[in-house]
Amino acid sequence: MASAPTTYAKMEEVGTGPHAGTAPTSARCAACSSCSVCRASVGAGVIVAGIVAAVVVVTLFSGSGAAEGECAWDNYRLPGWITPTGYSVQWTPSMSAGGPLTGTVVMNAKVAAGGLGCVIMHSQGFAFDEVVYTWTPKDSDSVQTATVKTSDVIFRPANQQVAIPLGQRLARGDSISMTIRFRGKMSSTLNGMYISQGVNEATGQPTDPVVVTQFEATYARKAFPCLDEPEFKATFDISLKDIPAGLTALSNMPIKSQVASANGEVVTFNFERSVPMSTYLVAIVVGRFTATWGTYISPLDASRRVNVSVWAPPGNENRLNFALNAARKSLAEYESSFNVAFPLPEMKMAAIESFAAGAMENWGLVTYRLTALLADPAEASQASLERVAVVVAHELAHQWFGNLVTTAFWNQLFLNEGFATLFEYLGTNASNPEFDVWSEFLDNDVHKAMRIDDLAAVSPLVNPNVDSSGAVESSFNDVAYAKGGSVLRMLWKFMDSSPLTQGGGADDDAGGDDAGEPAGSAFFGGLNAYLTRYQYSVATADQLFYELADFSGWDDLAPNMATWSKQPGVPLVMFAWENGDNTDPSVTSGNLCISQRRLWRSPYSRQLAGDGEFGNDQLYWIPLDITMRHPKGSAARKVATRLVNGGGFSNATYTCFAHDTLVQGFVKANANSYGYYRTAYPASVWTDIRAAVNASTTTDGEPIFGAQDRAGLLDDILTVAETQADAPDPDSSSLRASVEPATSTSFATALDYMKTLRTEPEYTVWRSALTHISRISANIYPQATPGSNGNAPDPSTVPCVGEFNDYATYIMTPVVAAIGSMWGNASVSVSAKDVVLPADAPPEAASILARWRSSSTVDPAVRDAAIIGTAASLGFPTVVQRCNDLWRSGVKNIDPNYLGAVASSYVANGGYNGWEEVRAAYEAESEAYSKNLLLRALASATEPAVIKMTLNYTMSAAVDQQDKTTVLSGVASNPAARALAWKFITQDDVWNELEDLYGSGGFGWSSLIKSMASHFVTDAWFNEATAFFKGADLDAGASDAAQALEIVKSNVVLRQTLQDTGCPWLATWDA
């Protein structure tokens, strides 16, 4: 924040602790309560109980004059001159889109800075009809009243703020109660307070309108004037006036009273006072709903029952109970794990038809998309059920991490979203252990984060550059969610396995079970201290790490974790022969040296970073472990795993040690892939690792490497080869150069390593494999040139396309054969035990099938459907034919687990008729998740005319606002359609409409900006996209555009690498 304006040079300065920087800062100290200065400056828990009502009629008028000097403030952040303690908000919402929204807000606050002469608040899109305030001097019971001339009220739309001059100066510690009567309109976008309305599939008519709020991150100000930043927590008394009789009204707290009008046509709902919370967590929902209720018994107090309910549009009665049970079990698990009770009397969850995000964690009233809350096990796919369980668990984890303790500002969003991402697995494992969700963490989150964290246009977990609404919206990204969760999981596993921490060291291998048993856990004990200390307040990353350090006794925890929170990037740990050739598999012995560097997606990214804020040579504290096999060739699993130094390393180079692969076998780091880092090895070590992966089993019947290790190894070798991340560093010192790789990992080595997939049974590994197969396939697919008609050339005429397709088919043939030929029929239940391999099936298929038959996996359909989807895109004839046959049997006859794959294949291969059939099925489908799959399938079209149909259809009224960016992103990701998608999206009329709908930010806008450009693979397209983005007003999408351009440059590098080493190998490889 900028320094305080000179107008307030004589104000009493307070708060020189961690929140200092803008005078005065006592509000920040009140939220902090951690440093001695803050604790001494402001008392905690002061709430003004009385409200003196006064009605003064004023004229709406924006003025200036003397008031401007008193209210001088030009900063996106609020100054912190007052600390709100409670709001009373009464709304009269309209039940029609764009209709009037009127209300009255009474804000009670403490003056946090001596000499206060002006109140700065957030307000967006409102006119003020009345402004009056009362104040009570410190240590006095005298209440005085004053009015504010509206000619002196200053509206500052650029910062979404309003300045209200008081006409006098109040002293620090005084109490103020400000009443504002305001008027505006219901929001036309899916944030603020807006109308949600869908379409009835049976009648084609609009469904009943629903009033809904979405205030995160900066949209409470679109619903009422307030201090709309996370640190300004207060209680809320909510009232809804003139609600049509017969409608349900929900808010964060239970209904206190409801009063009907004299004629009974409208009702006023009054809700109980909330606990102190941030403005973005306030929520209301008004409409027609069906509901179900249940309770859970608090594991911390057997006498306490907490009410849980699920609300949805009528007609969804059979789709409520699954989410209800998931919520009950997740909440109980969190109480037990965190040892902190859920503090509210009830937990409500509401399904909304038009909703921009997947869900929103409003305290006590979580709102969801239909697909994220509603599922009937009798009709839903496993993927649909798992999504509901995971999203419910994510949002309920926020009730502690985000709601009870809130990030001090959006620049440290991982304190909310990183924890919720990590603990969604804990909650889902408690509610539905059969989903085995912990096995999905690696690809869902660790690899997902790494695939963006290797760019220069990425921010650290604690981002110093969040200074606008657009920057706030951009903070909701894979760094905050996926990297935040991954780094926290790494810390958890280290703290609970290291002898450096109290409660650690019990399992030197860090275990293979993420289910989480917090009893005796240093990590969970520290989290309890964190939640207890900062409950109903806000916290910073430093404060989290200090609490964990204090509880565990690990003195270096905070400075070590600062290398992760305060700088961006993912490290690459390299094993290299000292002064040796790392690409020569005949070099098998010598001094094996360990070093680290930041991994870059391409030389272009490294160059950009060198000119940027963080530079390009970051070092990280890495909790390194090394596993070795002794002796090589032993049938038994004889491995030794240790934490290097008991606590990791943070230098550029760590150590060298003598090693002979012919005698000692493999060397591998990052057991169970718990660490947030990638690894690279010499060719001879990769050879030994591959041999261990290919080995059937050890004497205990288990593979030498578990599925998490195999998935990590596969993703590492392919990523390092694709990016050439371990190429010689021209800037290295001579000492460092001697222990770094002298040559980079060959793409041929990585492609050859993919042969291990011929015997791979685990979906954990195949998830990573399918990602890379799709990436490589898309990269070599021919591309139209900028300025052309957008039609892609015939892929059969382009070198290497057919060769890679043949190789990918070779890799996948055994696993596809093991799936069998009877998949996808809703009325026929087929398990691995029912599969009969054809006579021409490769022998590896029998090995895979044997593993599946001995597996405890309840429903392998998610695995099989993903594999089938990729096989169909590669053109497996039997798979494509099966998809065609299933579709023609009717949508209701298709197993919902396979619906997305079947419909996508049918669109891709069916031309106009196939597209039209899937479109009609989409419009007729009533089950939300299946409907979404059918819509996404339309993006798979491959014929130019049909691709254009998809694009035009997406922008029509037939596709809901919440779904348009999903389809457009899907088309832009389609190798056959990316140029046509770009040409369509960048048309002035389309782009302007998209900006109006989504330009303020959000997941949809972010995904669209990134997808529309990031799949291009030539410098010509890089120049085209650069020119367009430079002339566009991107605001919240600026960082996404920068990342997209970097990805294009990395695609250019990958394309060249494939041509230089990959394609020659593909032309001559030997099975």
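Backbone N, Cα and C atoms are what each Cβ position is placed from, and that goes for glycine too.
Unlike curated entries, TrEMBL annotations are predicted automatically.
Taken from TrEMBL, the feature active site, proton acceptor covers E395. Sequence annotations record features per position, and here TrEMBL assigns Zn(2+) binding site to H394, H398, E417. Residues annotated as domain 'Aminopeptidase N-like N-terminal' in TrEMBL: 101-281. Annotated domain 'Peptidase M1 membrane alanine aminopeptidase' per TrEMBL: 322-500, in sequence order. Look at TrEMBL and you will find 666-1049 tagged as domain 'ERAP1-like C-terminal'. The site 'Transition state stabilizer' annotation in TrEMBL covers Y481.
Cα separation, Y481 (site 'Transition state stabilizer') to H398 (Zn(2+) binding site), rounded: 12 Å.
Counting only same-chain residues at least 6 apart in sequence, those with a Cβ under 8 Å from the Cβ of H394 (Zn(2+) binding site) are A359, E361, A420, T421, F423, E424, G427.
Each residue contributes its Cα atom, and for the residue listed as 'active site, proton acceptor' and E417 (Zn(2+) binding site) those atoms are 9 Å apart. All protein chains considered, the CB of E417 (Zn(2+) binding site) has 27 other CB atoms within 10 Å. Highlighted in sequence order, E361, E395, A397, F401, G402, N416, F419, A420, T421, E424, Y481 have their Cβ within 8 Å of the centre of the Cβ atoms of H394, H398, E417, the residues recorded for Zn(2+), and are not part of that set. The Cβ of Y481 (site 'Transition state stabilizer') has 23 other Cβ atoms within 10 Å, all protein chains considered. Other Cβ atoms within 10 Å of the Cβ of H398 (Zn(2+) binding site) number 25 in total over all chains. Its Cβ placed at the centre, the residue listed as 'active site, proton acceptor' has 28 other Cβ atoms within 10 Å.
Note on the domain 'ERAP1-like C-terminal' (666-1049): mean pLDDT across this stretch is 89.
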